[in-house]
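Student: Sharing a structure, written as structure tokens. Questions coming.
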Amino acid sequence: MGLPWYRVHTVVLNDPGRLIAVHIMHTALVSGWAGSMALYELAVFDPSDPILDPMWRQGMFVIPFMTRLGITKSWGGWSITGETITNPGIWSYEGVAAVHIILSGLLFLAAIWHWVYWDLELFRDERTGKPALDLPKIFGIHLFLSGLLCFGFGAFHVTGLFGPGIWISDPYGITGKVQSVSPAWGAEGFDPFNPGGIASHHIAAGILGILAGLFHLSVRPPQRLYKALRMGNVETVLSSSIAAVFFAAFIVSGTMWYGSAATPIELFGPTRYQWDQGYFQQEIDRRVRLSTSQGFSISEAWSRIPEKLAFYDYIGNNPAKGGLFRAGPMDNGDGIAVGWLGHAVFKDKEGHELFVRRMPTFFETFPVVLVDEEGIIRADLPFRRAESKYSIEQVGVTVEFYGGELDNVSFSDPATVKKYARRAQLGEIFEFDRTTLKSDGVFRSSPRGWFTFGHLCFALLFFFGHIWHGARTLFRDVFAGIDPDIDSQIEFGIFQKLGDPTTKKQTV
């Protein structure tokens, strides 16, 4: 047929049978990729330390999505929460992967069948005998079925009525587990961090979809609207479908990057704004103050801080610290976290407690400055020693650790104090294993960053695709030079511009 690569889809334009075939094949590829990717991730995933080496540190992409829908067990005998299990059942990680691959194979066969048997009676208009699709009717069917699925997910899966529920956690990502959710029907359901809104919105949207589907099945569109929106043209379907997809992609980019109940930090890692706002630092400080007010010593108060919470308060887990071309999981950057050294408390020789000013997100290097509780600079690591007034040596800074591996250990050696001051810039101080994965020390992004980046890029691309195909549909007659309502017979080749009698070709 000699079509250029960008016009090959023309072959399914007026061929409903093969249009279905290519869509089934596309679904087969998507399902096959999902199953294969899940198996690959399970092959490289190390479930041994859910606290310091969770899935998001290891760069897992599909495992978090399975987990948030209620899958937590593996046929390998482990659970995502760390305990050993004996009977994972069919709906394990491997079970879901296998189902996707089996579905992919069946869809592959169905696509071949529909490609071979393309000329079915079903696709022919009984009045004209030509291939035709009743697009408004198909729209109604799809709307009804997707509404049914949406309602079923909200009413049964999320609520635990017939299903596992979804991943629910506290605001600080400490106590996450899969549990059933009650729908939130009040204003609180619109809080993006309230999981009850997920149930209620799916139920409401599902009911709306079912009713809208039944409406479109029982009511034909008015002729003017049908013509104005080119409802008889399958490219209209393409254009509006692309619009739906890019709109959804923009929405999920936002819910992923800014955080929501649907993107828990235990599965996708913390957001950059939690570092920017000192979210975990404030919670840790609150817990320490509470413990000391209850009579615990400083050391005991810091020892009560969960290692998981301390690990969130570390800049290397900020998804905005990764670079665009730094491929690979976070563990390939700063290494695999081994343990928390404890909270470093700095003091000068006058007894002032000093706080290291933390590095902002978009800095690669940042001056090491130590301030007291009033914000007055007391010490720093000078760039030029000759002019320094606040150097560690001059001020006599010492460091003592509370909680963690170095609990109650103090250092006064200036070189050691400087080392820990530099590391305190990055939040809580952890020990990392950089040899196992040959980690290069350069921060990587979490799946939260990769998901956002990918979906924003494709949303932008699909936005232009929507404009392109929408324009082609609406202005088809202008582009083709044929009035769609023309009644007179047109002979191809007589006119230079098709259907324009003023451009009749001159014969020699």
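Yeah, the Cβs are placed from backbone N, Cα and C, and that goes for glycine too.
Annotated transmembrane segment per Swiss-Prot: 21-36, 101-115, 140-156, 203-218, 237-252, 457-472, in sequence order, evidence recorded as sequence analysis.
I'm curious about the neighbourhood of these features; can you describe it?
Tutor: With a threshold of 8 Å between CB atoms, the same-chain residues lying at least 6 positions outside the transmembrane segment (140-156) that come near it are 162-163, 183, 198-218.
Here the transmembrane segment (203-218) has Cβ contacts under 8 Å with residues 136-137, 139-155, 183 of the same chain, all six or more residues outside its ends.
Sequence-distant neighbours of the transmembrane segment (457-472) (same chain, 6+ residues past either end, Cβ-Cβ under 8 Å): 235, 238-240, 242-243, 245-247, 249-250, 253, 479.
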